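A.B. asks: Below you will find the structure I want to go over with you.
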Amino acid sequence: MILVCICLISLFFAILNLFLTKNDFFNPAVIFPLLFLIQGIFNIFALTYLNLEFHVEVLIILLISYLLFTIFNFINLRRRHREISGFYLDNLSVNKPIAVPKYVYYLAILSFVVVIYFQYRRLGQVAAVSGLGGASLTEKIALYDKLIKFDSKHFSTLNINLPRIVSNLSIITQAFGYLIAYKIVQNFISNKTFQMLDFSIIILLVGQMYLGGSRSPIFRVVTFIFFLFYILNLNKGYTREQMRKVLRKIIQASIVVVALFTISLTLYGRAVEYDVFHYLYIYLGAPLYNLDLFIQKYQFPVVQDYFGSQTFISFWNYWLPKRNLQSIELYLPFVRYNSTYELGNVYTTFYQFLYDFGYIGLCVLMAIISFYYTTIYRSIRISSHKNILTMTLFMYAFLFNDLIMLIFSNRFYETILNINTLKIFIAAYIIKSVLFDNSFYFGNYKIKLH
């Protein structure tokens, strides 16, 4: 009964916010309940072979979160700076194609090759000290991923890191890769043109991320592109019917991406022990059930040495080692339904909030998230700078992945408090100012380079 109620209130708030936004499907107040609706549906299908019981606490948490997104969405709609007629803004925001000199591509390709080489060498070093020097590439990647995720203290004792200059170079290549992803989308929307050099950069970016051991960065690139494809078409002045076609393309591409990510397990040295549905359920349904189990079995908030150490772990793991203090590990125990089925070790974004701060803290942290996404999204919609890539748009498109991942984990606070995120934003700002704008923008002020 509770599970049915979860699906119904998720559907209600998704429809309500669709109505308020005039069918803006990528509005965060629409996406957030839609994602949990998907989780609810997956749990309903899982009832055919699992005896899942949900409790009212999860329903209340979702209801409060939906209300926060809806309230901030409504406030932002009321405070718009100018009247928006119908679904779109105007037809004056068609972006011009972006051109990048070829020598910049060649420098970028060389930089990617250097980073990828040192990443590959690091994988070999980690495997060698672990007694697996003869392992395949996929086995080395699986070992590295396991160490950094589940045994980071042991990994730190190995003292196997990229040289600092290479580490900083990897930040620059990532920033450049994201900017080229933007260029691909904008040029396609503007005049349906492609450049093979652009796709070469994206392939190298994916290769660099692949050797990092996790699929999450690659998924971030995908959601970055999806959001830009939607918002740039919307800002171009597309009608409702045209936007429906855009949505269909995004949905079709999303299905392909899910299929590819499922197939890619073997590339990361991971074995598939279940049928396809249960594998997808671990990611798209089980986190909500795992949250329910945590609420029923544990007392929270949990007393810890550092303020919000699970929620703000990115900050603490940057600050503590600089003081010669031991870093923190996430407490994410794996859940097994029985001897046959495993349910993973993720509990939605609410888990860390409850773990650190309890219900009151959860409300505050969700208010911050909903305020950010609804406010910044609205500012993008009404921005007068639609002929350039603003950092507001770039950062939101980058963090759009973290909105989606709220159904999975505390990715939002982990990302914004990660020092590498700040470095990527700074690098992207400098590169796009030089290559795309030929100017540095500071709010409404502009400094031309020449």
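One is the number of the first residue shown, and numbering goes on along the chain from there.
Glycine is treated like the rest: Cβ placed from N, Cα and C.
TrEMBL entries are annotated by machine, without manual review.
Checked TrEMBL, it gives:
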- 31-52: transmembrane segment (TRANSMEM)
- 59-77: transmembrane segment (TRANSMEM)
- 103-120: transmembrane segment (TRANSMEM)
- 193-211: transmembrane segment (TRANSMEM)
- 217-234: transmembrane segment (TRANSMEM)
- 246-268: transmembrane segment (TRANSMEM)
- 357-376: transmembrane segment (TRANSMEM)
- 388-409: transmembrane segment (TRANSMEM)
- 421-442: transmembrane segment (TRANSMEM)
A.B. asks: Quick test of the contact rule: Cβ under 8 Å, at least six residues beyond the ends. What residues does that give for the transmembrane segment (103-120)?
C.D. replies: 162-163, 166, 169-170, 172-173, 176, 197, 200-201, 204-205, 207-208, 211-212, 435
A.B. asks: Quick one: find which recorded stretch in 59-77, 357-376, 388-409 has the most Cβ pairs under 8 Å with the transmembrane segment (217-234).
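C.D. replies: Looking only at 59-77, 357-376, 388-409, the most contacts with the transmembrane segment (217-234) come from 388-409.
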A.B. asks: Is it true that the transmembrane segment (388-409) and the transmembrane segment (31-52) have 3 or more CB pairs under 8 Å, sequence gap of 6 or more?
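C.D. replies: When sequence-distant Cβ pairs are counted, the transmembrane segment (31-52) touches the transmembrane segment (388-409), since at least 3 lie under 8 Å.
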A.B. asks: Restricting to CB pairs under 8 Å, which listed stretch, 193-211, 246-268, 357-376, 421-442, is in contact most with the transmembrane segment (59-77)?
C.D. replies: 357-376
A.B. asks: Mind checking which residues reach the transmembrane segment (31-52)? Cβ under 8 Å, same chain, six or more beyond either end.
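C.D. replies: For the transmembrane segment (31-52), the far contacts come to 3-4, 6-7, 9-14, 17, 25, 62, 65-66, 69, 277-278, 280-281, 284-285, 287-289, 337, 341, 370, 373, 403-404, 406-407.
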